Amino acid sequence: MKKFKRRLSLTLRGSQTIDESLSELAEQMTIEESSSKDNEPIVKNGRPPTSHSVHSFLHQYTGSFKKPPLRRPHSVIGGSLGSFMAMPRNGSRLDIVHENLKMGSDGESDQASGTSSDEVQSPTGVCLRNRIHRRISMEDLNKRLSLPADIRIPDGYLEKLQISSPPFDQPMSRRSRRASLSEIGFGKMETYIKLEKLGEGTYATVYKGRSKLTENLVALKEIRLEHEEGAPCTAIREVSLLKDLKHANIVTLHDIVHTDKSLTLVFEYLDKDLKQYMDDCGNIMSMHNVKLFLYQILRGLAYCHRRKVLHRDLKPQNLLINERGELKLADFGLARAKSVPTKTYSNEVVTLWYRPPDVLLGSSEYSTQIDMWGVGCIFFEMASGRPLFPGSTVEDELHLIFRLLGTPSQETWPGVSSNDEFKNYNFPKYKPQPLINHAPRLDSEGIELITKFLQYESKKRVPAEEAMKHVYFRSLGPRIHALPESVSIFSLKEIQLQKDPGFRNSSYPETGHGKNRRQSMLF
């Protein structure tokens with residue numbers, strides 16, 4: 001064994017020590033233990049070793065770096081094996097590939113470590129395979145590094161790295177993938193350029209930015225970290241939920257940058273939110289666009305609710321829209337995953353104007369139906385151009401609700417008469433008013449749908465999945481219901497945004513800078 005290591009150290013060039021030589025050699029192959037009595041090579045189907053960083057990844061799969069790939073000299077293993085390896089078969093070049101002998105707890109083979117034991121098993125098992133060079137596609141890179149589905153690394157970047165590779169036969173280890181992503185530029189603040197401040201809140205500041213990696217616009221949500229408290233729980237919730245929510249109508253979280261002083265969430269950038277959109281069209285939206293936006297809200301919510309995720313803070317400022325008309329749910333800071341059976345949650349969660357009456361009266365046991373009341377309020381606001389229940393206090397909010405929908409009774413809302421807060425307010429006995437009087441632009445089907453959202457009893461509110469099938473959306477055609485989750489409704493040629501009657505050309509998309517810009521993305 002000592003003679004083997006001495007000969008190896010004299011043969012391999014570019015390494016400073018024997019251990020380094022062995023470690024470098026281990027990246028090309030792993031010696032396999034066998035019960036075979038002789039030393040003849042055994043040809044087996046092996047798997048390529050896992051790379052440990054972008055540089056080693058590129059080194060293994062390309063010849064683009066100056067350092068030549070490591071080759072096994074004929075004199076190292078012995079004449080018979082050396083001559084065997086030197087003989088090409090069928091005119092093709094063969095490379096050595098070995099199966100891992102044993103995987104350690106860190107995902108690396110025992111022989112691949114520079115601190116491995118000096119005892120090296122005799123190389124009795126060798127795997128050979130043809131080395132086929134090909135250019136890595138974007139799909140390969142996404143698969144290899146688990147990049148977000150809509151991240152498109154520019155072709156020029158791939159050309160600069162000069163990457164070419166055989167097919168990927170196994171995923172990278174978690175540690176290797178982290179290193180690879182970091183070396184590409186993910187997780188680093190220097191990858192992003194701040195262009196302008198969009199808004200500032202208690203815990204966070206939001207900037208419009210640009211990614212140097214993709215050249216795309218991004219929204220940078222910079223959350224200040226208090227050393228005593230760490231990251232706000234809202235930030236932790238948002239990250240933990242968004243990383244698992246991949247849908248055409250949910251904002252995409254591209255990257256996370258963590259430093260000692262801040263946690264920056266890198267989102268896809270959309271031009272404006274629904275509040276700004278309504279302001280820009282003078283609060284007179286095309287009823288066709290109202291229908292398209294409502295459908296997209298329901299589509300994103302249905303996806304969340306199928307996964308038992310409650311948004312809990314629906315409002316126009318949290319619905320982002322791009323120039324194409326694609327609407328996406330944003331700001332999941334108050335969202336949380338709901339387990340079964342129902343648990344008790346905080347009742348201080350939803351913006352006042354869009355908060356359902358059961359939560360206003362102190363209920364802390366709720367399900368996905370908590371979001372559906374807010375959908376009804378937003379539907380009304382888009383159709384009428386004004387908020388439905390703009391209360392300034394909890395009592396004022398309840399008063400506005402009861403005055404329009406009628407003061408609830410034991411018959412219309414079982415259990416309300418025993419609610420202490422309801423009894424303490426002592427509201428007048430209002431009779432319900434026809435909704436059509438307040439939203440005359442809605443047709444009868446729209447009035448029927450909004451009524452299904454605005455139910456006092458939460459369990460009677462129509463679920464998002466069911467609402468998408470309502471006759472109100474019949475004019476959008478049948479194909480919209482068969483789209484994959486990741487595909488935009490605007491991929492259908494029959495789905496097009498119309499010009500709004502009150503739209504001001506000069507205001508799109510440059511308005512909204514300043515104090516109220518992107519308040520939806522702030523804590």
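A Cβ is built for glycine as well, from the same backbone N, Cα and C atoms used for every other residue.
Feature list (source: Swiss-Prot):
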ACT_SITE  D313  active site, proton acceptor
BINDING   L198, G199, E200, G201, T202, Y203, A204, T205, V206, K221  ATP binding site
COMPBIAS  110-123  compositional bias 'Polar residues'
COMPBIAS  514-523  compositional bias 'Basic residues'
DOMAIN    192-473  domain 'Protein kinase'
MOD_RES   S9  phosphoserine
MOD_RES   S80  phosphoserine
MOD_RES   S92  phosphoserine
MOD_RES   S105  phosphoserine
MOD_RES   S137  phosphoserine
MOD_RES   S146  phosphoserine
MOD_RES   S165  phosphoserine
MOD_RES   S180  phosphoserine
REGION    30-55  region 'Disordered'
REGION    103-123  region 'Disordered'
REGION    501-523  region 'Disordered'
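What Swiss-Prot annotates, mapped onto the structure for a quick look.
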{"residue": "L198", "record": "ATP binding site", "DSSP class": "strand"}
{"residue": "A204", "record": "ATP binding site", "DSSP class": "strand"}
{"residue": "D313", "record": "active site, proton acceptor", "DSSP class": "coil"}
Number of other Cβ atoms within 10 Å of the Cβ of L198 (ATP binding site) across all protein chains: 23
Least Cβ-crowded entry, counting other Cβ within 10 Å, from the recorded positions listed as E200, D313: E200
V206 (ATP binding site) CB neighbourhood, other CB atoms within 10 A: 23
Integer Å distance between the CA atoms belonging to the residue listed as 'active site, proton acceptor' and E200 (ATP binding site): 18
Separation of alpha carbons, the residue listed as 'active site, proton acceptor' and V206 (ATP binding site) (Å): 18
